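Q: In case it helps, Swiss-Prot gives these features for our protein:
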| type | residues | note |
| --- | --- | --- |
| BINDING | Cys378, Cys381, Cys396, Cys401 | Zn(2+) 1 binding site |
| BINDING | Cys406, Cys409, His414, Cys419 | Zn(2+) 2 binding site |
| MOD_RES | Ser94 | phosphoserine |
| MOD_RES | Ser102 | phosphoserine |
| REGION | 135-244 | region 'Interaction with EVI5' |
| REGION | 261-409 | region 'Requires for efficient binding to CDC20' |
| REGION | 261-339 | region 'Sufficient for interaction with RPS6KA2' |
| REGION | 305-447 | region 'Inhibits APC ubiquitin ligase activity' |
| REGION | 337-358 | region 'Disordered' |
| REGION | 437-447 | region 'Sufficient to suppress UBE2S activity' |
| ZN_FING | 374-422 | zinc finger |
Amino acid sequence: MSRRPCSCALRPPRCSCSASPSAVTAAGRPRPSDSCKEESSTLSVKMKCDFNCNHVHSGLKLVKPDDIGRLVSYTPAYLEGSCKDCIKDYERLSCIGSPIVSPRIVQLETESKRLHNKENQHVQQTLNSTNEIEALETSRLYEDSGYSSFSLQSGLSEHEEGSLLEENFGDSLQSCLLQIQSPDQYPNKNLLPVLHFEKVVCSTLKKNAKRNPKVDREMLKEIIARGNFRLQNIIGRKMGLECVDILSELFRRGLRHVLATILAQLSDMDLINVSKVSTTWKKILEDDKGAFQLYSKAIQRVTENNNKFSPHASTREYVMFRTPLASVQKSAAQTSLKKDAQTKLSNQGDQKGSTYSRHNEFSEVAKTLKKNESLKACIRCNSPAKYDCYLQRATCKREGCGFDYCTKCLCNYHTTKDCSDGKLLKASCKIGPLPGTKKSKKNLRRL
């Protein structure tokens, strides 16, 4: 029997493993010998190797250098039993520094880092655009004054510059005011009013400097008029002054909660004193409801106490000179006080008895005198009598006498009639001329 090579239905690709001849059976078909069995096993291994190699090369991934040493000495389970050439290729790639990782490991790593990679790509794309980078820079608080672009000159005419300035100023001012009105969109919420105003003005000037390098003061006034920058709350204007009205300054700035805290610490009498300082302080007191209620109650209580303890609450206080109605008020007041003074004198005379002298009697009456009154001796009993020089009236204070007379005519006191009908009081001695007059000088010359 002649020997011929084994013929299979599927001829595998050429491999490094050589096929050995096989014997032919009695039926005319070749008997699979040991070499043929080895060939078939090699074929299956080769096919598996080709499949696995292609799958691995389709999913290559570079690993960090720290993991190279660990992966060089490691042979994956799917390469066991494969051909020597594939194992050599695997070892060669691992020595270069780009080891092959299992497809399962590659799939797990890509799934775990997929979200992170997308975020990085999104951030990188946003940072690549110059417009968004400039917007990100302007959102931070830089110390740029806004005048750095004034050196840029443009060849535009004055008419074009004016029209472009108006359009650009309207857009920039509207965007700045939108940032002011919507605090959620404004990045720096904790800016002081001065820094806030500085940022808006500088950004507006920086945008308009390319069109017109000149500073337009009308534009600044319009920014101040449109935007609510709270510049009235700026502190430091009164620094260095000796006297500062703190309450008035707080009232002008609208800090009513601070004023309410201050007024709550004051007592009712202190609130009365606050109202007497100035009209502004009284307005501050009237603006606070709680403090004003306490103040009004204190005023009512003080007035009631004054009316209760004042001996002359029914009339006005006595003064030296009054209007023509003073005589009527005097007569009304004297009738009410006449009985009280007489009872006091009688009680004092009974207590002291014989030791009560004339001097003590006059001194006791003198304690009850008013500002425009004086003491005189009664024309009937020589007892102390009160004398009013404005009314020309004297009243005896002795209980047994009580004579009320006119000092001009020495008659009973008359309020409506004149003293012309009665006899006038004649002086007991003639009064000489006043010193320094012509008559006194003549008398001196005669002497």
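Glycine too: its Cβ is placed from the backbone N, Cα and C atoms.
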Q: Using a Cβ-Cβ cut-off of under 8 Å, list the residues of the same chain that are 6+ residues beyond the ends of the region 'Sufficient to suppress UBE2S activity' (437-447) and lie near it.
A: none
Q: At a 10 Å cut-off from the C-beta of Cys409 (Zn(2+) 2 binding site), count the other C-beta atoms across all protein chains.
A: 19
Q: How many neighbouring Cβ atoms, not counting its own, are there within 10 Å of the Cβ of Cys401 (Zn(2+) 1 binding site)?
A: 15
Q: Of the binding-site residues Cys406, His414, Cys419, which one has its Cα closest to the Cα of Cys396 (Zn(2+) 1 binding site)?
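A: Looking at Cα distances from Cys396 (Zn(2+) 1 binding site), the smallest one goes to Cys406.
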Q: What does the structure give for the C-alpha distance between Cys406 (Zn(2+) 2 binding site) and Cys378 (Zn(2+) 1 binding site)? Integer Å is fine.
A: 11
Q: How big is the gap, in Å, between the Cα of His414 (Zn(2+) 2 binding site) and that of Cys378 (Zn(2+) 1 binding site), rounded to a whole number?
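A: Their Cα atoms are separated by 17 Å.
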Q: Here are the binding-site residues: Cys378, Cys381, Cys396, Cys406. Which has the lowest count of other Cβ atoms within 10 Å?
A: Cys381
Q: Could you give the Cα-Cα distance between Cys409 (Zn(2+) 2 binding site) and Cys401 (Zn(2+) 1 binding site), in whole Å?
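A: One finds 19 Å between the Cα atoms of these residues.
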Q: From the DSSP assignment alone, can you count helix, strand and coil residues within the zinc finger (374-422)?
A: 0 helix, 17 strand, 32 coil
Q: Let me know how many other Cβ atoms fall within 10 Å of the Cβ of Cys419 (Zn(2+) 2 binding site).
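A: Cβ-Cβ neighbours of Cys419 (Zn(2+) 2 binding site) within 10 Å number 16.
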